[in-house]
Structures are given as structure tokens and as C-alpha cells.
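*Asks:* I'd like to ask you about the structure that follows.
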Amino acid sequence: MATQAERRPHRPIHPLQAFLTAGALPLFVGGLLSDLAYSSNYQIQWINFAAWLIAGAMVFTGFALLGALIGLVRARPRRGWPLLSFLLLLVVFVLGLINSFVHARDAFGTMPQGLILSVIVTVLAIAIVWIGFSSLRVGATK
Amino acid sequence: MNRTVLLSAAAAAALLTACGSDPAPEQYGANPNLPEQERGLVPSMKIADPAPWGDQRPVVPQGYTITAIATGLGIPRQTLVLANGDILVAEGRGGGAPPLRPKDLIAGVIKAKGTTSVKSGNRLTLLRDANGDGVYEGRTVFAENLNAPYGLALVNGQLYVANQDALVRFAYADGQTRASGPPVKVTDLPSQINHHWTKSLAASPDGRFLYVGIGSNSNITERGMAAEVDRAMIWQIDAATGAHRPFATGIRNPTALAIQPGTGRLWAVVNERDELGPNLVPDYLTSVRDGGFYGWPFSYWGQHVDTRAQPQDAAKVASAIRPDYSLGPHVAALGVAFSSPVMGARFADGVFVGEHGSWNRSKPSGYKVVFVPFRGGRPAGQPIDFVTGFRGSDGKTRGRPVGVTVDPRGALIVADDLSNTIWRIAPPRQAPVAEAPSRAGAPVPEGDHPSATPY
């Protein structure tokens with residue numbers, strides 16, 4: 001995708017979309033760290049933290065997904081970053097939702113699936129921010 | 001066996017209900033069939049869809065009659081038949097544990113749809129049938145401003161009431177319709193968080209000890225082990241001093257206690273853990289062994305390990321006692337009472353169990369009063385439906401049984417906390433027995449039924 005961006009520079013990421021996308025990331029990271037803490041020391045408060053952090057991340061992800069959908073509908077042509085960001089956010093949203101349900105289980109019933117899903121969604125959230133914010137640089141050096 | 005056709009209720013929960021099948025193997029008795037644990041993403045749910053009784057009535061065995069002897073109560077839970085035939089009703093709603101996770105917020109809203117919305121009574125109401133005709137024309141408030149009273153017991157002239165935070169007592173004289181003063185505290189009971197708030201109660205026949213059932217503070221330790229200190233156990237309390245010791249532990253939610261006539265042994269009905277699938281874990285009826293450990297949270301039904309409780313404790317698992325009798329999963333047994341021959345030959349030897357009914361399986365279980373027959377002082381045979389029809393064939397729920405009490409005059413008293421009603425189920429009139437009009441002439445059941453304390 002980066003090659004495409006260089007070949008035909010597109011509009012930089014919208015500030016609101018940047019806010020939503022970047023907002024989800026630290027919450028997913030926090031959820032992952034809390035999952036790691038709970039799975040190693042069984043202190044129940046960590047899994048409560050994880051559940052709330054992931055729920056918060058899902059609010060950001062949900063609105064970011066909506067923004068990406070609007071961006072995709074308005075994009076000409078409908079490929080490149082608008083399509084990629086929408087698909088990535090859709091995957092994060094679906095996996096994040098499953099992760100929220102896993103985190104609704106009681107005590108260690110959340111493990112190990114909760115930790116595995118947290119790793120996956122966190123990596124994907126990093127990828128979205130990385131790729132999305134690369135467009136800012138492309139736009140600035142235009 | 002199930003005369004009630006259990007149809008699906010159109011509840012908001014329908015959206016969340018997994019389409020999983022609940023094959024519902026018959027899981028009754030000493031050796032229930034325990035399937036594999038299931039952990040779906042969203043547990044199957046079917047929340048009761050309340051409707052008024054109208055002209056309908058619960059269904060009772062042929063020849064038996066059922067009447068509503070009191071309505072419009074403030075959430076009746078447990079009842080106690082006093083020596084003169086008066087009935088005390090404990091009314092209230094306790095709990096109110098704060099939501100801890102996003103799930104608690106959502107589940108709280110959904111589950112509230114299946115229960116009554118009336119205000120908590122926080123009182124004891126006394127019902128009186130002065131002439132023994134089965135119509136309770138007298139109704140007074142015996143005591144008020146209690147804190148979610150639940151368990152009741154009368155022994156040695158003392159009326160004990162288990163509030164959600166303390167065991168209290170009133171002096172009681174025969175015929176009294178109102179407490180002569182505020183209660184005296186016997187001892188505080190564990191009440192922090194109070195996830196399972198009901199405090200069940202039974203008195204030893206000699207009145208020396210009181211047994212209080214204290215439910216766990218979580219489903220399966222999701223509030224942390226620190227919240228479970230002094231929870232999921234039955235306390236034995238010295239009536240004279242208020243001192244207590246754990247009598248039995250690992251007993252997740254002992255919602256009703258009863259002393260077996262004759263043997264003096266303590267029995268309990270216990271609600272087991274959720275979210276292991278629609279067919280796990282069976283709620284149970286058991287005699288309670290002094291010093292016994294019943295598995296929670298580490299294992300269920302003996303040595304079936306529950307890995308949700310971490311860190312595990314292998315020694316505890318090894319020591320876990322298998323309960324005596326499975327009542328089936330998620331039936332939510334909330335009442336137990338030993339029967340006597342006044343209930344008719346078929347129901348003379350055994351216990352009645354009030355089953356509030358499930359919320360977390362797609363095919364509802366419970367929502368009835370069953371009779372577990374005994375032989376030689378032990379449960380023997382399949383449970384028999386005694387009162388059904390709380391869930392109608394239209395899928396509506398009109399009542400949910402809680403406490404059950406045998407009236408030595410010949411009736412079963414059932415508290416219904418959805419329609420806020422007290423039901424009285426009377427056996428067919430035995431022709432040869434002359435019905436005594438006076439209360440003093442009430443037939444006395446065989447064995448020394450402790451003075452009107454089936455609990």
C-alpha cells in the first residue's frame with residue numbers, strides 16, 4: 001500500500017479519524033497488559049481492568065469503523081488506504097467484540113483465549129495506526 | 001413428567017440466546033449424568049416473561065386444592081408456621097452488589113425483567129386463620145424495618161430472623177401478632193458486597209445452635225478470593241453467645257436449610273455455579289456433614305475440577321464431598337421442607353423443594369415445587385412434580401416459588417416472589433379424621449416435628 005501512496009499521494013487521514021483510530025490503540029495495549037498481569041498472578045482486578053479497557057477501545061473502534069466506511073463510500077477509486085483501513089478496522093472490530101464476550105466470562109474462564117485475542121487485536125490496531133499515520137507524512141512532503 | 005409446556009418467551013434476551021440445544025438429560029438423584037463443560041461466547045438465556053395470574057392457578061396433584069391466602073406482599077421469600085397455626089412471611093429484596101464489569105451492567109438489566117418490580121417489604125407479615133377453614137382472614141405486620149429478612153426459625157420462645165447482614169431475634173409468645181419491641185442482634189453476618197444475599201436459617205431441635213447459610217460472593221470467584229472470606233459456607237451459631245464456627249464450607253449458595261425430623265440432621269438445598277453450559281452444574285439437596293467441604297470454587301459434584309478458579313487447590317479438590325441428590329441444573333432451589341403424613345400418603349415421606357427457575361438455559365428448568373421421596377431417611381427415587389404451572393403454556397411466567405413450609409395442620413405453604421403471593425396447597429380431606437375447629441386440635445404429625453420449625 002505504501003507504494004501506492006507514493007505513486008499517487010492521497011489526502012492525509014482526517015483529524016477525527018486519526019483521533020478515533022489512535023484513541024483505540026492505548027486502550028487495546030492496556031487491555032493486553034492487564035491480561036498478561038492477570039494470567040500470571042491471578043489478581044482479579046487486572047481482568048476487570050482488561051474488560052473495561054477493551055470495552056473502551058471498542059467504542060473508539062466502532063466510530064473509527066463508521067468513519068472508515070464513510071471514507072470508503074466517498075473514495076474514488078474505492079481501493080488503497082480507504083479500503084484497507086476499512087477492512088482492517090472491520091477485522092479489529094469483530095475480533096474485539098469476540099474478545100469482549102470472552103472477557104465477560106468469569107475469573108480464569110477468560111483465559112487463554114482472552115490473552116490470545118488481545119495480542120491479535122493489539123497488533124492489528126498498531127498496524128492501522130502505523131499505515132494510517134504514514135499518510136500524514138506523505139501528505140506533508142507532497 | 002413436565003406438565004407445563006415450556007415455550008420460548010419473547011424476551012429481550014432472545015437476541016442473545018445462543019441457538020445451542022439443551023438436550024436436558026435427566027439429571028436427578030445420586031448419580032447425575034454430568035456432560036462436558038461448555039463455554040459459549042454468550043451463555044444461553046431465557047428470562048421469565050412475567051404475566052398476572054388472572055383466573056389461572058398453579059397446577060396441583062389431583063384432589064389437592066390450592067388457594068392464594070395472601071397477595072400484594074412486598075416480595076415474600078420464606079415462611080414459618082407458628083405453633084398456633086399463624087404464618088410468618090419474610091419479605092424483602094437484598095443484595096445490590098455494584099457492577100464490576102461491563103457484563104454486570106448488561107446482565108443486571110436483563111435479569112431484572114424476570115423478577116418483580118415491587119418495593120422490598122423488609123418486614124415480617126403475620127397471617128392468621130383463626131377458625132381453621134383455610135382462609136387467612138387476619139393479617140398484621142409483625143415486625144418492620146428489617147434488612148432483607150429471609151431465614152426464619154422459632155425455638156425456645158425465640159423467633160430468629162436472618163437479615164441479609166445480621167441474625168436477630170424477637171421474644172415470641174403464642175398468639176402474638178406484633179413483636180413487642182425491636183429485635184436483639186445475635187450476631188453480624190457477612191454482608192460485604194452480598195452478591196448472594198439470602199441468609200437461610202435453621203435451628204437445632206434443642207435450640208442451642210442456629211445454622212445460617214451464607215452464599216458465595218460471586219459465581220466463580222470473579223470478585224476475587226478476598227471477597228469470599230466467610231462466604232459459601234454454613235455457620236453454626238451459639239444461640240446464647242452469638243459465637244460462630246464454620247459448620248460446612250465450599251457450599252456455593254445454601255439457599256434453604258431444614259432439620260430432618262427424627263434424626264435432627266441438617267439438610268440444605270444448594271444452588272451451584274453457572275456458565276458451564278445449560279446442563280451443568282446440578283443444584284442439589286444434601287445432608288450437611290459437620291466440617292464437610294463441598295467443592296466450591298475448585299470443583300463441583302465431588303472431584304469435577306473447575307479451572308476458572310485459580311490458583312487451584314488439589315488438596316481441596318480431593319477432599320470435596322459429593323452431594324446426596326441432584327435436583328437438576330439451574331432449577332434454582334430456594335426452599336426445602338420435610339413433609340409429614342398430613343400431606344397425604346404419596347407425599348408423606350420426603351422433602352418439598354421450591355424451585356425458583358432458571359434464567360440461563362434456553363429451555364427453562366425449575367419454576368415448580370417438587371417432592372423428593374425419601375426411604376430410610378435418604379432420598380430415593382425421582383422427584384415428583386407437586387406444584388407446576390408457574391410457567392404457562394403461553395410462555396408467560398406467572399409465579400416463581402421460593403420458600404416452602406409444611407403446615408402441621410395439613411398444607412404446604414409456598415411463597416411466590418414474582419406474583420407476591422402466598423399459596424396454600426391442601427391434600428384431599430381424609431374422611432375419617434374429624435376436622436378440629438380449634439387451633440389446639442390441630443393434627444400433630446408423627447415424629448417430633450420441632451414446634452413449627454421445618455427450617
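Cβ atoms are placed via backbone N, Cα and C, with glycine included.
Residues or ranges marked as domain 'DUF2231' by TrEMBL: A:11-132. If you look up TrEMBL, you'll see A:16-37, A:49-73, A:80-102, A:114-133 marked as transmembrane segment.
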*Asks:* By a Cβ-Cβ criterion of under 8 Å, what residues six or more beyond either terminus of the transmembrane segment (A:16-37) are in contact with it?
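*Replies:* Here the qualifying positions are 43, 46-47, 49-50, 53-54, 56-58, 60-61, 63-64, 67-68, 71, 85, 89, 92, 96, 99, 110-111, 114-115, 118-119, 121-122, 125-126, 128-129, 132-133, 136.
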*Asks:* Limited to the domain 'DUF2231' (A:11-132), I'd like the whole-number average of pLDDT.
*Replies:* 93
*Asks:* What else in the chain is close to the transmembrane segment (A:80-102), if you only count residues 6 or more beyond its ends and a Cβ gap under 8 Å?
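*Replies:* Contacts with the transmembrane segment (A:80-102): 1, 4-5, 10, 21, 24, 28, 31, 51, 54-55, 57-58, 61-62, 64-65, 68-69, 71-72, 110, 113-114, 117-118, 120-121, 124-125, 127-128, 131-132, 135.
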*Asks:* Per DSSP, what is the helix/strand/coil residue tally across the domain 'DUF2231' (A:11-132)?
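*Replies:* Once the DSSP states are binned, the domain 'DUF2231' (A:11-132) shows 105 helix, 0 strand, 17 coil.
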*Asks:* Please report, as numbers and ranges, the same-chain residues at least 6 past the borders of the transmembrane segment (A:49-73) whose CB is under 8 Å from any CB of it.
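*Replies:* Apart from its flanks, the transmembrane segment (A:49-73) reaches 14, 16-17, 20-21, 23-25, 27-28, 30-32, 34-35, 38, 82-83, 85-86, 89-90, 92-93, 96-97, 99-100, 103-104, 110, 114, 118, 121, 125.
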